[in-house]
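Visitor: Starting off with a structure, shown below.
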Amino acid sequence: MSQNQHEDDSKSESVDVEPDRHDLRLTTSNAEKSATILPAPNEDDAQLSRQDTEAIYAKFSPNRKRLVTAVVACGGISSTVSTLLLLAAIPEIAAEFNTSGSIINVSNAIYTVFMGISTLFWGPVSQVYGRKWPCILSAAGFFGFSVGTALAPNLAAFFVFRLLSAFTGTAYLVLGSSCISDIHKPTERGTALAWFLNGTLIGQSFGPFIGGVIVTYHSWRVLFWFQSGLGGLTTVLAVLALPETSHKMRSKELEGLDFKTKVGKVWDWTNPFRVLALFRIPKLLVAGIAASSLVWNMQSLLTPIRYVINPRFHLTTPLQSGLFFLAPGIGFFTGTYFGGRYADHTVKLWIKRRGHRLPEDRLRSSFVAMGIVIPCAILIYGWAIEKEKGGIPLPVICMFVQGFAQTICFPSINTYCLDVFKGRSAEVIAGNYFFRYAIAAVGTAVCLPAINSIGVGWFNTITALFVFGSTAAVFCVVMIESRKDEKSSGEGLAAMKSENQVNGTAQNGVAIRNHRPGDMGFITYRHGTIYANEFDYGSSFEAFVGRITSDFITTFHPTSERCWIAERDGQFLGCIILMKDRDTPGRAKLRCFLVEKSARGLGLGTQLMKLCIDFAREVGYERVGLRTDSNMVGARRMYAKTGFKILGTEEHRTWGEHILSTGENWEMEL
């Protein structure tokens, strides 16, 4: 049971954080003129400031970070190279298994589907058991099933082993991004992620070229021995060189529980529907659509090359058509140097303009590449092939430009997914990969029939419209979130300006800090005093608050719990506590929310509430609950405005036999 105290319904006031200050000083959106969040007084608290801090990312040296990036990039290559490795060998495989090229191409589409499905498994599992062991198991499984594919005696075995290798190998696409997010600051993350994504994209584009070389001189089965070698190499690297990067493993919460309870909790944490449920959040859905449009374009560009390019330029061997895959591959490799750095530069630029970091600002770096360059390159490529214009150079240039531009976009989208819900980054990126590979599977399956039906020109026109429409949706998300932030910041400035005009304290800011020794006793004292004076609550209420603060101190976990204290010139103005619900996984409790009467009407309550809810989201809670009484009119209005909803009510006389109160349980989905 959690009691949450009186608050005003004043104007909202935005608080955000300047993420990269060395002293961990967290400034609000009001810059230096209003509230300032001071660093925690001890190391544990300092590590978990509301946004990313230096302490977490100093765990690994720069060289170790580069090694981690290289290992996960190798894993990304191993998985993605297989998606299109066999394109150059489809006729040969079809001939050996006495089937058609379309059937073999279907295996590629289903392979892509299984890549997407597997992300729903690997993402949540890594939240429970960390990154290292899932990486090792997935690489080992990919190695074994690739060997099975190479030895497949018939078409059925070929399909089964290929799909199992897809399921196991895809883990690195999710876990690689999460590892990089674990060890790099937000302003470095895009650059590192670009190098990782370079591995995954190069694997897809160079795979067909490698396949063309191999099939020209050897059996198609050598393709999968090559794939097995990559899987084996990745397994060895994961065992020897990949550290555990996760900041928090939920498996530690299973200690001391009986087997049945453990199974129930693990299922709750790894349930794939947890990942799918994230798409109820509009901005994550838009990020999924944007990424899927790029993957659709890539699959639709690469899959039909042998069927579109060979007849157009009278090519006769797999090696000749395989050379065309080098153009987007070189574009991917070249764009890697610019894409991540440009995304990080954009974030830093907007931090300077706004005074704090907004995750959506990173998406701005993709506007030109995704909204203009890629659609234009798609259209020129499609109609040049359709109308037989430009010879070989024009489509090659268009393919290079598309590869380069996609490498500008992917780091932005992937890093945004990691930033927007930091505590559930693996699940968010897993959902994004599921979405993009589900769409990519459709693109792989329909591109050849569609091109045969309406022509490569019109098919590419549809693809260009898809990419452009996705860019428009991303633009809307950025604008909406920016306006929300500006509105919140503006209201906070107005409230503080009004206060300063009345009190003449423009030179004095409001400081918000983490708790220190002695704070819990003072919080209990102020609750008891204020509620006795304003609501005639008895000493039982003060005792109840004392139990809350005692529990908070006794079981305090700095990675998932927090207390904020608001002060001005050393004078207590208010507080709020966020605690883990020990009985319900994924749920937190909002407790001891109090604003002194002298500070009401200034937006401070809104400020504290925003800090609390933002922290809950970043930690990865799914819900926040609270309990209050119906006579807390101002607080109830704020709860409703924030997004809380009433779940139920009950009458009680807990705070005195002469007081009949109506208790209310509220909850908010994050």
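Using the three backbone atoms N, Cα and C, a Cβ is placed for every residue, glycine included.
Here TrEMBL flags 1-25 as compositional bias 'Basic and acidic residues'. Annotation source TrEMBL lists region 'Disordered' at 1-46. Residues or ranges marked as transmembrane segment in TrEMBL: 67-90, 102-123, 135-153, 159-180, 192-217, 223-242, 284-302, 322-343, 363-385, 391-413, 434-451, 457-480. What TrEMBL records for 68-487 is domain 'Major facilitator superfamily (MFS) profile'. Sequence annotations record features per position, and here TrEMBL assigns domain 'N-acetyltransferase' to 523-670.
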Visitor: Checking distant contacts: for the transmembrane segment (434-451), what same-chain residues at least six beyond its ends satisfy Cβ-Cβ under 8 A?
Guide: 102, 105-106, 108-110, 112-113, 115-117, 119-120, 170, 275-276, 279, 288-289, 291-300, 303-304, 307-308, 459
Visitor: Please list the DSSP helix, strand and coil residue counts for the domain 'N-acetyltransferase' (523-670).
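Guide: Per-class counts: 58 helix, 50 strand, 40 coil.
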Visitor: Which one of these stretches, 159-180, 284-302, 391-413, has the most C-beta pairs shorter than 8 Å to the transmembrane segment (457-480)?
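Guide: Of the candidates 159-180, 284-302, 391-413, 284-302 scores highest.
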Visitor: What stretch, picked from 159-180, 223-242, 284-302, 363-385, has the most CB pairs under 8 A with the transmembrane segment (391-413)?
Guide: 363-385
Visitor: Average the pLDDT scores across the domain 'Major facilitator superfamily (MFS) profile' (68-487) and report the rounded value.
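Guide: So the average pLDDT across the domain 'Major facilitator superfamily (MFS) profile' (68-487) works out to 82.
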